[in-house]
Amino acid sequence: MREIQCRLLVIGAGPGGYVCAIRAGQLGVDTVLVDAARPGGTCLNTGCIPSKALIHAAEEYHRIVGLSSNPSMGIGAFGARLDLAATMAWKDGIVSRLTGGIAGLLRKARIRLITGEARLTDGKTAEITTPEGPVRIRTEVLVIATGSEPVELPTLPFGGKVISSTGALALTEVPERLAVVGGGYIGLELGTAYAKLGSQVTVIEAGPRILPQYDAELTRPMAQRLAALGVRVLTGARAGGLSETGALRVAGVDGAEDIAADKVLVTVGRRPRATGAGIEGLQLAMAGPFIAVDERCRTSMSGVHAIGDVTGEPMLAHRAMAQGEMVAEIVAGTRRSWDRRAIPAVCFTDPEIVSLGLAPDEARAQGIEVMTGIFSFAANGRAMTAADDSGFVRVTARSDTHEVLGIQAVGPGIAEMAGGFALALEMGARLEDITGTMHAHPTRGEALHEACLRALGQALHV
């Protein structure tokens, strides 16, 4: 068996793993990166990127269909046509460009990328099954970045008409009727996209409302948009198996019913890949289903780190990337620890939702006296000129120091403002720091400025 020696071995080439490897390479750390699939992980290959491509294509198609039946701004359109197979090919092209770009960055950083299935034999040794034969890797430091996978329901195993988010991103025909089991962000993003592509969509959510991680004020505009798109939402409902006719059995507050569906998309969450690949043999301390880590992403075994989805919530690519960068610098000898104050949560529904830090009720529950300000896009000139003024920006700050504790927003394209929101929280900005910063006019970004003014009782455009 061929053997390789290295300073750092990273198992998993998703956002956390490949960023960790690249940063380590930049710092001169001899690094090997292993994954059975193309670099980029779930996010790039079957998650974040392809889903956003589909969401964009669906919005473009829906806009043209709308102009065909209801001309707006003096603009009409005729003959909207959809070739979903061609759309998926376009999406796949984007994924290929990005995975190729990552491969190039890994080469630039002098990272040895090995494609194959890894199995850890101890905390410093892994055996890789590759097409060219087995390889044994001995390392000084190990990073586990194995990510997560969709949760499968026992009553609705994947296969046939029952699909995961991965399957929903590979369809070549728009299902006439789509049932979405799970009212979280993945189900609603994809459900909204397919509704715009022409599917009759039904969302089944076991909880009392959709998107339970966000407060009702944030989700209300999105719920209204779902209704406008003709999406049926069943809350307090549980999906069972399929009936003899292939319908989805649902038990709801008003009784049981069978929902006819050509495809059933199951999006009830993701689970960490904290077992398999020999990980359980290391007998690492666990935090529930996740690998327990400290503020430096160290596990209970010396010389073994873990990053990304396998370490817990929130399961977000940007969290994994930040952890990966930090661990690489720690391995290179830099003193680092996890001190992020704000991790953006973004839902790419219609309209989009962004949340950072504390919501008003969360702050009050912690005994903090707060002041809040909300500014609606209905009073924002740029939103009006873009013909969509739905949503708002909301800011929460301490009453005593005016330090900003949280920023939430809902509206078209609001995800692009998440970085600015995060900067405000990371730097410990006060309301006056934001109101004292000139915001370009006319832009949607002015809504943050106005929300802060309103919190201070100085609103100008309300």
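Each position is counted from 1, following the chain as shown.
Quick reminder: no glycine exception, Cβ is built from N, Cα and C everywhere.
Since we're looking at a predicted model, the values are computed, not measured.
Listed in TrEMBL:
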DOMAIN    7-324  domain 'FAD/NAD(P)-binding'
BINDING   LYS52, THR146, GLY147, SER148, ASP309, MET315, LEU316, ALA317, HIS318  FAD binding site
BINDING   GLY182, GLY183, GLY184, TYR185, ILE186, GLY187, LEU188, GLU189, GLU205, GLY269  NAD(+) binding site
DOMAIN    343-451  domain 'Pyridine nucleotide-disulphide oxidoreductase dimerisation'
ACT_SITE  HIS441  active site, proton acceptor
Cβ distance under 8 Å to GLU205 (NAD(+) binding site), same chain, sequence separation 6 or more: which residues?
GLY182, GLY183, VAL233, LEU234, THR235, GLY236, ALA237
Nearest of the recorded positions (GLY184, ILE186, LEU188, HIS441) to HIS318 (FAD binding site), judged by Cα-Cα distance:
ILE186
Give, as a single whole number between 0 and 100, the mean pLDDT over the domain 'Pyridine nucleotide-disulphide oxidoreductase dimerisation' (343-451).
97
Residue among binding-site residues ILE186, LEU316 with least C-beta crowding, 10 angstrom cut-off:
LEU316
DSSP secondary structure for LYS52 (FAD binding site), reduced to helix/strand/coil, please.
helix
Using DSSP and three states only, what is GLU205 (NAD(+) binding site)?
strand
Could you round the CA separation between ASP309 (FAD binding site) and LEU188 (NAD(+) binding site) to a whole angstrom and send it over?
21
Give the distance between the Cα atoms of HIS441 (active site, proton acceptor) and ILE186 (NAD(+) binding site), rounded to the nearest whole Å.
34
If H, G and I count as helix, E and B as strand, and all else as coil, what does DSSP give for LEU316 (FAD binding site)?
coil
Setting GLY182, GLY183, GLY184, TYR185, ILE186, GLY187, LEU188, GLU189, GLU205, GLY269 aside, what same-chain residues sit with their Cβ within 8 Å of the center of the Cβ atoms that define the NAD(+) site, listed in sequence order?
VAL180, GLY191, VAL203, ILE210, LEU211, THR267, VAL268
Distance [Cα-Cα, Å, rounded] between LEU188 (NAD(+) binding site) and LYS52 (FAD binding site):
13
GLY184 (NAD(+) binding site) to LYS52 (FAD binding site) - Cα separation in whole Å:
16
Give the sequence-ordered list of residues that share a chain with LYS52 (FAD binding site), lie 6 or more positions from it, and have CB atoms under 8 Å from its CB.
PHE348
Nearest-integer angstrom distance between the alpha carbons (Cα) of ILE186 (NAD(+) binding site) and LEU316 (FAD binding site):
12
